[in-house]
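What follows is a single structure, written as structure tokens, with notes after it.
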Amino acid sequence: MKHYEVEILDAKTREKLCFLDKVEPQATIAEIKNLFTKTHPQWYPARQSLRLEPKGRSLKDEDVLQSLPVGTTATFYFRDLGAQISWVTVFLTEYAGPLLIYLLFYFRVPFLYGPRYDFTASRHAVVHLACACHSFHYIKRLLETLFVHRFSHGTMPLRNIFKNCTYYWGFAAWMAYYINHPLYTPPAYGDEQVKLALAVFLFCQLGNFSIHVALRNLRPAGSKTRKIPYPTRNPFTWLFLLVSCPNYTYEVGSWIGFTIMTQCLPVALFSLVGFVQMAIWAQGKHRSYLREFRDYPPLRSPIVPFLL
């Protein structure tokens, strides 16, 4: 059995960082990263990006050395991805913040609306319903993070958590301030508008959860297997017939329902910004599906059936 020699160069300076002798042909990129860490412990595996070209794509951890287009002396280019943090920690931080921040405004803790309103309650039923819906949404997200989601990547750059938390926490405070304000006025069309919005919100929340469960069932525990998602017996998953990322479609629908329920401009802006971001993510996943699966259903759109 022939062995490989592996050299790892800095992608920017081309400086040789590491030379590995007698590497097994069946060695994976993950195993090579672990060997690299022994000589450079400051770069733990999650920080490493190994590539065949200095500006090429990062190799997957599961890629096998002998299956790569390299000779018996393989050259990889290293880039430092920066300090990493687990996706679970990121999601828990992102979602716990809005839940707690919204409740501070709902209970009107001191220094938010003036002393005369400290710990008072709104006289509008829709305000209490909105709090229940907002809390339900983020509690659902927290529970899904802990018990449903299976992540294809274990970590993300630490710097991203500050950007993400600013987005989620900032919008939560902005929405909560106006919805729970003593001068807040209920929706123009009264209970009919609120009931319709609540139905939309709950329908989309159930749909979003159903899609997350369906996606979880596609990937065995501890695996990074990728498969084409298809509808199941659950009617909420039938949206897979038309879009690649129905979880985003339902998520946007939930916030549209919440916007109609509260008739609040900050909520509408949050829904719009969220839709733009999710549309970008959906288009990226849709392109990835098309590249990876030749038999991918051609009628699917990324997020909005027949449009986008």
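Each residue, glycine too, has its Cβ placed from N, Cα and C.
Per TrEMBL, the listed range annotated as transmembrane segment is 235-250 (candidates: 123-138, 235-250). The largest share of C-beta pairs under 8 angstroms with the transmembrane segment (196-215) comes from 235-250, of the ranges 85-107, 166-184, 235-250, 256-281.
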